[in-house]
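Report on the following structure.
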């Protein structure tokens, strides 16, 4: 008898709890009681999400289309391995080429002379390199700016005092790019730079090049 009463009571409680749960789920899942503003907000969010997805897809397709362009040929570089590093003698030759040729047009304003120490130069050699330039410093006690020899903490000087001077020196073209991070900034890295430096050839017969070409 007691077992029967227990079963009946248990079934009644189960039905009651189930009804309450179903009512709660129904109140959560229905949209009939949503306000017009809430429905409009959700519709707007859905439209914006769909538009963002379509834009991302279009941009992805445009990036893939660039695969049809001619890329710089791949080269085997001795410093590309996990445990390899740049050849310091080659880096020093590269610095000399930059100083004697590239520095006339291109800056490396994010490289300081202290970065040469222990890589391409000794500390004394790097100090001597820095002292070859004149740096505008100040103001002094009278409020005037002055020139001083460079120090290890100074950065490589720019060939132009400002962007307007750079444009004027390059026939109005955009100033030559800074070379501090030119390798990671270009698709292909070292391969791009190597192809650019070695890809020039003499103009075909009959073609007259203008100044700066």
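Placement of Cβ uses the backbone N, Cα and C atoms for every residue, glycine included.
Curation plays no part in TrEMBL annotations; they are all automatic predictions.
Neighbours of residue 105 (heme c binding site), defined as other CB atoms within 10 A of its CB across all chains, total 15. Under the DSSP three-state reduction, residue 105 (heme c binding site) is assigned to coil, being neither helix nor strand. Taken from TrEMBL, the feature heme c binding site applies to 102, 105, 106.
Residues annotated as domain 'Cytochrome c' in TrEMBL: 89-190.
Sequence annotations record features per position, and here TrEMBL assigns transmembrane segment to 40-59.
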If I take every residue in the domain 'Cytochrome c' (89-190) and average their pLDDT values, what number comes out? 92
Across all chains shown, how many C-beta atoms besides its own are within 10 angstroms of the C-beta of residue 106 (heme c binding site)? 18
Show which residues of the chain containing residue 102 (heme c binding site), separated from it by at least 6 in sequence, have their CB under 8 Å from its CB. 179
An 8 Å radius from the center of the 102, 105, 106 Cβ atoms defines the neighbourhood of the heme c site; name the other residues of that chain inside it, in order. 98, 101, 103, 104, 107, 159, 176, 179
Within the domain 'Cytochrome c' (89-190), how many residues are helix, strand or coil going by DSSP? 40 helix, 12 strand, 50 coil
